[in-house]
Protein chains: 6
Amino acid sequence: MLKIINQLPIDSPSFSWKKTTPGKDVKVNEWIQSIHHLDKDEKQNDWDIVLMGVPLSRSSISASGASEFPEWFRRSWKGFNTYNLDEELDLRDLKVIDIGDVQMHYTDILLSHQYIKDAFHGVTKELAHSFPVTIGGDHSITAMLVKGLKETYPNEEIGILQLDTHFDLRDLKDHGPTNGTPIRNLIESGTIKGENVYNIGLHGFFNAPSLVEYAKEYGVNYITLTKARRNGIRETVEEALQVLAKKVDRIYLTVDMDVLDIAYAPGVPASTPGGMRTDELFEAVFAAGLHPKVGAMDIVCLDPTRDGTVQPTVKAGTHVFLSFLSGFYKRKK
Amino acid sequence: MLKIINQLPIDSPSFSWKKTTPGKDVKVNEWIQSIHHLDKDEKQNDWDIVLMGVPLSRSSISASGASEFPEWFRRSWKGFNTYNLDEELDLRDLKVIDIGDVQMHYTDILLSHQYIKDAFHGVTKELAHSFPVTIGGDHSITAMLVKGLKETYPNEEIGILQLDTHFDLRDLKDHGPTNGTPIRNLIESGTIKGENVYNIGLHGFFNAPSLVEYAKEYGVNYITLTKARRNGIRETVEEALQVLAKKVDRIYLTVDMDVLDIAYAPGVPASTPGGMRTDELFEAVFAAGLHPKVGAMDIVCLDPTRDGTVQPTVKAGTHVFLSFLSGFYKRKK
Amino acid sequence: MLKIINQLPIDSPSFSWKKTTPGKDVKVNEWIQSIHHLDKDEKQNDWDIVLMGVPLSRSSISASGASEFPEWFRRSWKGFNTYNLDEELDLRDLKVIDIGDVQMHYTDILLSHQYIKDAFHGVTKELAHSFPVTIGGDHSITAMLVKGLKETYPNEEIGILQLDTHFDLRDLKDHGPTNGTPIRNLIESGTIKGENVYNIGLHGFFNAPSLVEYAKEYGVNYITLTKARRNGIRETVEEALQVLAKKVDRIYLTVDMDVLDIAYAPGVPASTPGGMRTDELFEAVFAAGLHPKVGAMDIVCLDPTRDGTVQPTVKAGTHVFLSFLSGFYKRKK
Amino acid sequence: MLKIINQLPIDSPSFSWKKTTPGKDVKVNEWIQSIHHLDKDEKQNDWDIVLMGVPLSRSSISASGASEFPEWFRRSWKGFNTYNLDEELDLRDLKVIDIGDVQMHYTDILLSHQYIKDAFHGVTKELAHSFPVTIGGDHSITAMLVKGLKETYPNEEIGILQLDTHFDLRDLKDHGPTNGTPIRNLIESGTIKGENVYNIGLHGFFNAPSLVEYAKEYGVNYITLTKARRNGIRETVEEALQVLAKKVDRIYLTVDMDVLDIAYAPGVPASTPGGMRTDELFEAVFAAGLHPKVGAMDIVCLDPTRDGTVQPTVKAGTHVFLSFLSGFYKRKK
Amino acid sequence: MLKIINQLPIDSPSFSWKKTTPGKDVKVNEWIQSIHHLDKDEKQNDWDIVLMGVPLSRSSISASGASEFPEWFRRSWKGFNTYNLDEELDLRDLKVIDIGDVQMHYTDILLSHQYIKDAFHGVTKELAHSFPVTIGGDHSITAMLVKGLKETYPNEEIGILQLDTHFDLRDLKDHGPTNGTPIRNLIESGTIKGENVYNIGLHGFFNAPSLVEYAKEYGVNYITLTKARRNGIRETVEEALQVLAKKVDRIYLTVDMDVLDIAYAPGVPASTPGGMRTDELFEAVFAAGLHPKVGAMDIVCLDPTRDGTVQPTVKAGTHVFLSFLSGFYKRKK
Amino acid sequence: MLKIINQLPIDSPSFSWKKTTPGKDVKVNEWIQSIHHLDKDEKQNDWDIVLMGVPLSRSSISASGASEFPEWFRRSWKGFNTYNLDEELDLRDLKVIDIGDVQMHYTDILLSHQYIKDAFHGVTKELAHSFPVTIGGDHSITAMLVKGLKETYPNEEIGILQLDTHFDLRDLKDHGPTNGTPIRNLIESGTIKGENVYNIGLHGFFNAPSLVEYAKEYGVNYITLTKARRNGIRETVEEALQVLAKKVDRIYLTVDMDVLDIAYAPGVPASTPGGMRTDELFEAVFAAGLHPKVGAMDIVCLDPTRDGTVQPTVKAGTHVFLSFLSGFYKRKK
């Protein structure tokens, strides 16, 4: 560093870019580490959580900007502390690495799907001790993620806990692997068994009767939101996990943000009236985080371009991530 | 059809407008039939439900685009399936005809009111075996609809179940038959008795004391939202209907969408904080649909022009319709 | 009034500006009196409530237009009646005077703070029999208001009931008396004791761990939203007031509108998912209004410029004021 | 004023409501006087301008909140100075009185129309030396205003300068006196002659061929926006006024804000792409203000409820008023 | 039609759905005929214009809802008359058929592209005497449309008049046939020659230097907006067409709505400051419509989901279509 | 870097975060270098442009989020190429460093002002060969920036070219150094002479008469937008610079984004109807960039929080920066 720059008043209080050493308090953006900013020597760490973005939404049936969510998700971090006041725990004790976004091809959706599967297989194989969280993207990616996971653990039985307003059991013959098909995709490809899927949150008039029939035929389990509320959202999740845990080796949690009520989640193309409240969803994913067999998680179908300037849904999406981590923290610590 | 058109590649997969025969799954727009598209021979059917739009909102006290709701209501249908997952029933088994909108005059409100009364009298007389649902428009239309109904059943006692944040008991002498007056209009015209009105959902600071006095003087029954929640929304509706059923021959259900909380219903000029949630309203109308004496229904005061591009209130309005039909279905089948 | 104006048809029905004598029904804007429109002789009255605006938000950490709230608050009054249907009481029986806004300096925030303290000292001293309500502005003003109150009652112990998503215990050494600091400001200045603060509504990831530590060190009491809901919001408030009442002479209620869920309060820069519902907040302030030791109140951090054209948060803010007055009414009458 | 209030610190700098004597600089809201705040003795003044609001938009063909414009128009004044920098003149030298809004009936549109006619007749008769400006409301009011004017000057020939995207020559037999009919209304009632109407600003695909035919049959003059731009907007207005001035005694200027391009005027239900820019409109009304025979003016069809929170159209509406007054000022001074 | 329906009061004025015979005045929606509503016998007509929708935008580089434009385009028709006031001509004299949308596959973009090419080949072959207008969708479709056209006229030289802010000359090797590639796609596939492309409207910082180089290397002609304005937009278009007409047999006009300034076209993902005004664009396409060699047209990249509730860009898109038809009308009649 | 990370498939195409070497085409975000990402050895370079953010808007008279502009400015870069198509030049040839934001204090505005002055003095002294561009923040910062510049060049005469709708000559005695005062601040502090200020763009009713008087008394030069358009915007700027260049040693360009018309710049609290178009502003700053004596520049008063999700004003702000640099490029190269 030559003289001319040395003489810049960068030690004066005028410049904010001279970062001070982080103290006790950090924001989420200061806590999660990006692979871009790691020094080489740091990369050897065992991470508790590995975070990966999948900016794909051309596979969505209706037009969606969910591909923008990974970027807005990261951008929202500075509005959150690491301290969970309800649970009196500090997520800072977890080591989290953000390995960036999986590369997408703009016009070859199946190739993008292949990239997703390969990336998730790589991550779960190479960082086997880290818990992987994927930020979508639309729901089509879940099929590829679970397939990638299955590639890593070919002998394991994988179960799905799905928080969703929809079954996502559409026929792939109609339009290929859209965001309406991931669960069917997994069943038909033999990756999972229908009976090892637990869907919580369905309600209203948002699923076609043929999908209900398919669910029944293949033993897909579902608990409507009304029933889940009657038993308690948290209790319902716990019971589903308990039953599922007896049948499978590893549980994959997929959160379709359209499970939320449209009043809470305007920024999801398929959110509906009569859906879940955000506090219920936070409770549900916290419970899932606690369970030892829950081994991977994704958050999908959140479209920040519909979320206005106040961004309630983006903030809810980030809170889902942190609430889940809080459960995970209590499981681990 | 001549040769040149025959040769158009309309049998090729390129063209989407060649509708395939509907299979098991239909959207609400594919299920409800429009009178415009009926072949003549079909018109003889006995319809379960007859649907009619009333695009009038110049009678609203404050500026309102509720006249646009019938159009947006129909447009929203393609976002809904016919299958009710909570009740596990398929509304497709009901035959529904949409007979279009009642004609409105642009500057003579009383003439428009006359048209509404005549149309509803005609519908309830000629299609006596069909359950009529009217889509407003502002609340002033309810007075005309019930008057038309009374004309069809002059010897019957008619009761009202009203879901509303307001009494709608304003004095007609002040400004004529506005959307603040329909219940008073019906009482003063002798169409109904005050004691046969049950209003559920009032709360807060949205009714003048003189209206409360009027309600008390004429025996209008009202249960505030707070009290209804304490007893259970559904139970409150059931009890009101039970009491009412003993006193009247036929019950008219009127849903003023301003009963909803403003967080759930931004697209209603008079929605307020502290109002009902959509899931509560769906439950309430479902319960009403079940009751054998409920004989007609309207949905009013929803202004799509205030609802932004996400349209949460329009979607809630359509859901109210479908939730009611679900109750009706269970009553009938 | 000379001839030419006399001949204007102002007695004809054409002109609306000829106000008729108010009847039984008034809107809030017709009920609350402005000091500007008082005739001199009227000013001698004993007011039940004295209302004061504080249009300051340059002290907010993030950019905020909360300085606009006093104006929008007043503008929203015409959408509210004085009659509380839930409690069947008419606030008209209370005499309320709006003494306008405290003057602000545009670039000297500490001077504005001084004005606030002086004004509130003046108001509480000269109108000692009136209950003072202050409309902010951001939360930094609460420190000045309580200091002004302390000046009026130097020998009293003052307690704080705070409805908030945050502690507001940030260190003043960092950036001076921002909206993140008022409670610490009051503790450090010796105005109040930490143990006499009860904060209800905290939740999630919105407070740094150092603030929790500070709260614990200084005995600041806090009940998270989850816990408050478990006990009942109203019961929680009542219990907090009961305990507090034993320790202090006078209780100051401060309502930070960011305690509300972002779905209910888009118009608050710091509202979050997982927050309070408006009906819960109305219940909480009603309970506070009932308590005889609650002696002053403020509503802060509501930014109307973020509230869109539907203005749900502004309406909620006004409802908070009226719900509190309803409790106050029942205490007094 | 009793002692207790005297002791309030209202002379301290803390209170902003103590208005200081206006100095050289005033905002438009400090300059225009409201009839409500006049002392009786002041009312004898000869006003240069008399301003009247007409909050009617139920007569609009499509749903419109133009009835809200008088209120938002007044509210926007504080964003404008009285000094016109382009013309280096200060409108403060003009005396302007705002006599408030004409009373409207909520459901009897013809009665509201009658009130408008009567009010404007009264104003133009009793305040004959004042220039009357009317703030709508939708365009239907222009027919009533000109009829009221004609009643005041029964022997005069009245001409119309209309800035509009439409002819407003629809047939009254279809739907009565809507906002699509005012010019035809005036021609058919014999109030004006078709040949004495000059419409500037029409363009595109926004007028039916039958209206063009009617215009031609009755000699209504029209200059499309394209032609007006070719000659210069200002020159076109001047030439139209020059020709018109030879034929009539008094010219009425009506500004339908839908003459503006939709990019400049989102807050007008019928604004279109391809319309006028605001700077062109300001130039046009300035030129009209200069002409000695222009004897009344209205601004109509601006719906603030469509204008978002930035309110570009409301601000443009107020600027139209001030630009016109600038021309008027130069004519008078 | 059986008795029960016969007795419905459908001949009474109450029902609006009884369409009256169209008179002289029609709206665009009443004029353009849909293939769905044609009686078989009508289908033999020679149509002047054949209109086709292409709801594809998954091929867009950035997230886009341009797939929704065909639907919103049709929905906007009722806001337009057929009469062009500037040109004093009535488009009703043209016969226009809307043959609906080309079918799209949800996840196989290349298959959708194939459908587009096939459909357009079919249309231009079978309806050879009709002028085809295509409504996109994103700009990737233009490559397929021109290829389909080339299939119909394999021996013709085709030229392109492109109104655009971008070259659309990106390398297909990077991400396949996105909306950034259509012109390069056509050049590289030998469908057209670079020298037969005229791009008008480029400006600012929205094209990479490698694209400029490619344009120069392949002789793609471009006139920046600044230069076009200097010569006159209309004159620039006329000159480009004149030169092009000497070199090619048929000219294809492609209108990328991102050529418009972002103030005029918020509803285009890639619109920019410094772009064209709508009146300039209307003038440009009118001039193109006049030219005898212009043989097909498309309008692309308009995303109604970004256009708010006022929909200025959708309206501009429809106006572009009608302005072009006006030129076409004058060419033909 | 240990083995486990080495084995991550980061060389596979799945991962997008593995940045490839930049080729010929770069976006603005890839071109401008951040001081944070510089290797130490690079810092010795001679930068052509040094960019600095000033996130201050608490000094704004009306509530403003202009403090957010530096962040949104940087975020918008990825939507711009470095190649200027109008001028056929590539800004990449300029070396630009972004040194981040000046630190602000949250409640001591004068201290923040001091920081700004010190920082700009430091920058202009230490990086004397770089052209400094400052991104505000509100207009109050201009006074501090020019004072800092004067400190660096105490013996120089500095002139101001101001593009603005306002004079910014308010009296500092009223409310201290707000965004309404910077020019007066500079004159009264003796930093510049009134006669060396040239303000272009004033219009309408947005300046009080006392400010005009002050301008005249102190010789501040101003050319209204109307006059500037008559002479040509570019010519007006060139003439102003030519005259100014004879009187001063160095010219400071300050661009208040409120000079723009509100249709083009909704995201500026004080933008107005009748203002400049963006293409005119781009032309103006390009001309300024060309002039050899223009030695520093700022862009102020742009509030991204008012700019909706389409962000037309943020994009315009970035374009202003790039247009200026294009002129600067031509001056240098």
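Residue 1 is the first one shown; counting continues down the chain.
Glycine too: its Cβ is placed from the backbone N, Cα and C atoms.
The secondary structure of B:H139 (Mn(2+) binding site), as reduced to three states from DSSP, is coil rather than helix or strand. If you look up TrEMBL, you'll see B:H139, B:D164, B:H166, B:D168, B:D256, B:D258 marked as Mn(2+) binding site.
Within 10 Å of the C-beta of B:D168 (Mn(2+) binding site) we count 28 further C-beta atoms, all protein chains included. All protein chains shown were included, and the count of other CB atoms within 10 Å of the CB of B:D258 (Mn(2+) binding site) stands at 27. Sequence-ordered, the extra residues of this chain that approach the Mn(2+) site, with Cβ no more than 8 Å from the Cβ center of B:H139, B:D164, B:H166, B:D168, B:D256, B:D258, are B:Q162, B:T165, B:F167, B:N179, B:V259, B:A270, B:V300, B:C301. Same-chain residues at least 6 positions away in sequence with a Cβ under 8 Å from that of B:H139 (Mn(2+) binding site) are, in sequence order, B:D164, B:D168, B:N179, B:G180, B:P182, B:T254, B:D256, B:V300, B:C301. The Cβ of B:H166 (Mn(2+) binding site) lies under 8 Å from the Cβ of B:G180, B:L202, B:F206, B:N207, B:D256, B:D258, B:A270, each of which sits 6+ residues away along the same chain. Residue density at B:D256 (Mn(2+) binding site): 28 other Cβ atoms are found within 10 A of its Cβ, drawing on all protein chains shown. All protein chains considered, the CB of B:D164 (Mn(2+) binding site) has 26 other CB atoms within 10 Å.
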